[in-house]
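Copied from TrEMBL, the annotated features are:
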DOMAIN    5-100  domain 'Malectin'
TRANSMEM  117-139  transmembrane segment
Amino acid sequence: MDFASSGSYYVKLHFAEILITADQTYTSLGRRLFDISIQGKLIKKDFNIMEEAGGAGKEFTLEVPDVMVNSTLEIHLYWAGKGTIYIPYSGVHGPLISAITVTPNFHVKTNVKTKRLTAGAIAGIVVGVFIFVFLVLVLRWKGYLGGKDTEDDDIISNLILSHFENFET
């Protein structure tokens with residue numbers, strides 16, 4: 001992860017074992033072990049999510065309060081070949097992480113300034129909306145916006161009705 005500001009960060013790693021179960025089936029025999037390093041420093045060796053969380057399907061958050069970052073945060077989850085490989089099925093081994101939260105331990109300066117609309121801009125918007133609504137109403141009243149039927153429409157509809165009357169017996 002690249003960061004614009006170097007400094008100290010509070011890092012939370014969120015875990016939950018969602019594939020290995022805690023019931024009486026063979027899937028409960030699986031073990032997931034891996035090492036966790038942040039910025040090249042070993043934080044946990046042979047980390048087991050189920051042991052730390054107290055069972056399968058339960059969350060565990062590993063908190064590291066003071067991580068020094070110089071533009072790049074490196075989090076390394078390394079599977080050293082420990083644990084099971086084929087239980088509950090092939091491919092369920094190695095690191096598993098649910099989420100990462102990174103919060104700066106310092107005040108972040110923002111360059112974003114909020115602009116408020118001036119009274120003149122608000123008045124201009126209101127007047128513009130009223131003129132638009134007035135024009136729409138005038139055009140509708142004059143018949144340009146589908147309000148009135150023209151004589152041609154009446155003639156066409158009368159012709160259609162007279163043709164249908166010819167079929168009645």
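Just so you know, glycine gets a Cβ as well, placed from its N, Cα and C.
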DSSP residue counts for the domain 'Malectin' (5-100), split into helix, strand and coil: 9 helix, 44 strand, 43 coil
Averaged pLDDT, computed only over the residues in the domain 'Malectin' (5-100): 88
